[in-house]
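The domain 'KaiC 1' annotation in Swiss-Prot covers 1-247. Taken from Swiss-Prot, the feature ATP 1 binding site covers 49, 50, 51, 52, 53, 54, 55, 90, 225, 226, 227, 229, 231. Per Swiss-Prot, the feature Mg(2+) 1 binding site maps to 54. Feature annotation from Swiss-Prot assigns region 'B-loop, required to bind KaiB and SasA' to 116-123. The domain 'KaiC 2' annotation in Swiss-Prot covers 261-518 and is backed by experimental evidence. Annotation comment: Swiss-Prot describes 290-296, 331, 451, 457-459, 461, 463, 465 as ATP 2 binding site. What Swiss-Prot lists as Mg(2+) 2 binding site is 295, 318, and the listing cites sequence analysis. What Swiss-Prot records for 488-497 is region 'A-loop, interacts with KaiA', and it gives similarity to another entry as the kind of evidence.
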């Protein structure tokens, strides 16, 4: 009987016990798979061209070697070993070093470049023996085969090829190694694989997709099945930068602590309207038409944090660094000085420069590196351009969830299309994700255009219900009294209401008495 590593069990032992899993250490995958891939079994990784199948297979082996010291075998039917080694270097993975150490072996089964015809019946016996010999020689516990589709494309007898691939999968299972087989599919949402590959590798199936949504491509991963064990259902977005990074939004737990500590918005009157300021770990959304003063509120919020010795991080998707600094300077805020002191970091990028998942990865990386107490995004609506509502909502959940996990106060802006009035807070229904909503809008009073601000929502706290006048001066934001004697301001049709003069005079007199008593 083949000697197996101590941490593995034989196939017969596995069948009578709970299915064990080995972690892949691919970021996010072990969360959605509830621990990794079933040990000693073959997993089919299927996807169209360019979805990241080969990368998944290489990363599975690389992490096994570098993290768990588990040797691996990579069988290639498509690319040459030299190309695989070269491509891996772009992710910082030195496969040649692992090969030299005897921890990785790349078995070259790629087609003959001279294109010689194969005579006789198709038979993988020699290849199976080579793989088996390599597994025993290197004491490998992980095997990646990329890709079985290439075998079908080289030979016409699909039924014979299926039989031989089944023999290979069965032999690998006998050896107790955990295997990944990659295969091509024609459509993103069509059959699992070409040539009926899923028929013989049906225990575990993972599907990678690269779908065009709107104007951008979006990568997702779905675990179709892991036989005999649990996993999370549905598609989860991922990016490719330093390897595959999956965002397991459904695995996020609402277990973060809630703070009663208040932080200042930078505008005294707004703090009073919010019952003493924002909660430390809350998410604030300022929403309104363009020019209503959302960026000003963000700037004051960040400046106040920096003045208290806190670090602040601003992600700007509509204005350049120079423009932000110039505008802030007109309000008496020196962003450049705050950056020189290391208290503020500004990241500017066009929304179209990357996909939503890439932006999310950048945001998380910058937060992890800079460790700010306050984070602002100006604006979310810019990132929503050209993507589906579902993808955008998942992005916002990812950002807010990470901010709460790190106990960071987040301040986001959203630009509405409607110039006057408001039918909804946001078009993408993200208002339920936030803790505090500041509604900013234009109102026409006596033939003049004014701005209005209202604390529309604030979880866990009393807040002012009034609709107040919001003025932008050279000193910044100034919030004045409510629009008295007017109704219909939020709907965009303010109407003056009649006032009982006697009652109004009594109210004014009482106000004067209160001031004198103070």
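Count begins at 1; order follows the chain as displayed.
Just so it is clear, glycine is given a Cβ too, placed from its N, Cα and C backbone atoms.
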Can you name the residues of this chain that are 6 or more positions from residue 294 (ATP 2 binding site) yet have a C-beta less than 8 Å from its C-beta?
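Once residues fewer than 6 apart are set aside, residue 294 (ATP 2 binding site) is near 286, 287, 288, 378, 379, 413, 414, 415, 440.
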Given the binding-site residues 225, 295, 461, find the one whose Cα is closest in space to the Cα of residue 54 (Mg(2+) 1 binding site).
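The answer is 225.
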Quick check: in three-state DSSP terms, what is residue 458 (ATP 2 binding site)?
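Going by the DSSP assignment, residue 458 (ATP 2 binding site) falls within a strand, counted as strand.
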Looking only at 49, 50, 51, 52, 53, 54, 55, 90, 225, 226, 227, 229, 231, the residues listed as binding ATP 1, what is the longest Cα to Cα distance in Å?
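Looking at 49, 50, 51, 52, 53, 54, 55, 90, 225, 226, 227, 229, 231 as a set, their Cα atoms extend up to 35 Å apart.
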With H, G and I counted as helix, E and B as strand and the rest as coil, say where DSSP puts residue 294 (ATP 2 binding site).
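Residue 294 (ATP 2 binding site) sits in a helix per DSSP.
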Work through the binding-site residues one by one (49, 51, 53) and name whichever has its CA nearest to the CA of residue 292 (ATP 2 binding site).
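Nearest listed residue in space: 51.
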Based on DSSP, name the secondary structure state of residue 451 (ATP 2 binding site): helix, strand or coil.
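Looking at the DSSP assignment, residue 451 (ATP 2 binding site) belongs to a strand.
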Just jot down the residues in the same chain as residue 461 (ATP 2 binding site), at least 6 apart in sequence, with C-beta under 8 A of its C-beta; none if empty.
274, 275, 276, 279
Rounded to a whole number, how many Å is the Cα of residue 225 (ATP 1 binding site) away from the Cα of residue 458 (ATP 2 binding site)?
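Distance (Cα to Cα, whole Å): 42 Å.
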Once the chains shown are all counted, how many other Cβ atoms turn up within 10 Å of the Cβ of residue 465 (ATP 2 binding site)?
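So the Cβ neighbour count for residue 465 (ATP 2 binding site) comes to 10.
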For residue 290 (ATP 2 binding site), which of the binding-site residues 51, 53, 227, 231, 318 has the nearest Cα in space?
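Going through 51, 53, 227, 231, 318 one by one, the Cα closest to that of residue 290 (ATP 2 binding site) is 318.
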Excluding near sequence neighbours, so keeping only residues 6 or more apart in the same chain, what lies with its CB under 8 A of residue 458 (ATP 2 binding site)?
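Correct list: 274, 275, 435, 436, 437.
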Can you grab the distance from residue 55 (ATP 1 binding site) over to residue 318 (Mg(2+) 2 binding site)? Cα atoms, rounded to a whole Å.
34
